Amino acid sequence: MGAVEELVARAGGCAVIDGGFATQLEALGADINDPLWSAACLIARSHLVKEVHMQYLEAGADVIISSSYQATIPGFLARGMSLDEAEDLLRTSVKLALEARDEFWKSTLRKSKPIYNRALVAASIGSYGAYLADGSEYSGSYGADITIEKLKDFHRRRLQVLAGAGPDLIAFEAIPNKMEAQALVELLDEENIQVPSWICFSSVDGKHLCSGESFADCLQILNASEKVAVVGVNCTPPQFIEGIIGEFRKQTKKAIAVYPNSGEVWDGRAKRWLPAECLGHKSFDALAKRWQEAGASLIGGCCRTTPSTIRAVSKVLKGRTGH
């Protein structure tokens, strides 16, 4: 039994993923108006990164995701850092999550009736579009000169460094097109990565990836890889999730992870959040129960969700053993 299956079983059939990271860093006073986004805090305010991890663990998260989504070696080099410094910051993102998990677990074991599971740490890897920070992570359109080989070269060293930093999982997040999914699957094989991975797509319409390509075509690529333990969607409007789970269940036998946005919509050009069209935090936990019933094995939140969102999700998914 792999680490993910074991965790899902311990959690009673559905494990809880943490929630929005940047949202919570801002709530703690961090300024993340920066091309590096929440990864900027790794440079100057790492104590806040650890604090956010702690808040999600206390809320009942079974999986916490490192703050490396937008942490790339080229991004750090553009800040004037050396290659060694850039790689150290990637390792730091995993180290902070591992420290938070271990400290939290130690304090949990001291309590007479532990109500938490020992969480897994997932090292986050965002898409090439997330590094570009030009809105292409929301369109999946990388331009004619981008090839599978170029994408593999872009991701290769970051994947090596993060996988070597001791995480329980690698989380490829908000992948917007089929070419990048193919590149990641090939890279996991070429580098013989032993850490189990999940690959989550992003969707704007609930029927296709951001690029307009079909889930079925992309899942075919992931199904062929033994390195990919979990497939799913994140950074997607919550009203589409139930339908997406149904579609995924027809196309794959792998565990399914869903962690959508709060329902507010990010305007990639204006770089601001637009109000939720139909759903707010109040119903997120009720929806999470439906996602569990539809067949998701891991459920959490992405942009604009908070520890209180995840606490509500944990309660509803874990019933009486919730927090």
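Placement of Cβ uses the backbone N, Cα and C atoms for every residue, glycine included.
Database features, via TrEMBL:
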DOMAIN    3-317  domain 'Hcy-binding'
BINDING   C235, C302, C303  Zn(2+) binding site
- Excluding C235, C302, C303, which residues of the same chain place their Cβ within 8 Å of the centroid of the Cβ atoms of the recorded Zn(2+) site? G20, A174, S202, N234, T236, Y259, P260, N261, W266, G301, R304, T305
- Candidate with sparsest Cβ neighbourhood (10 Å radius) among C235, C302, C303, the listed binding-site residues: C303
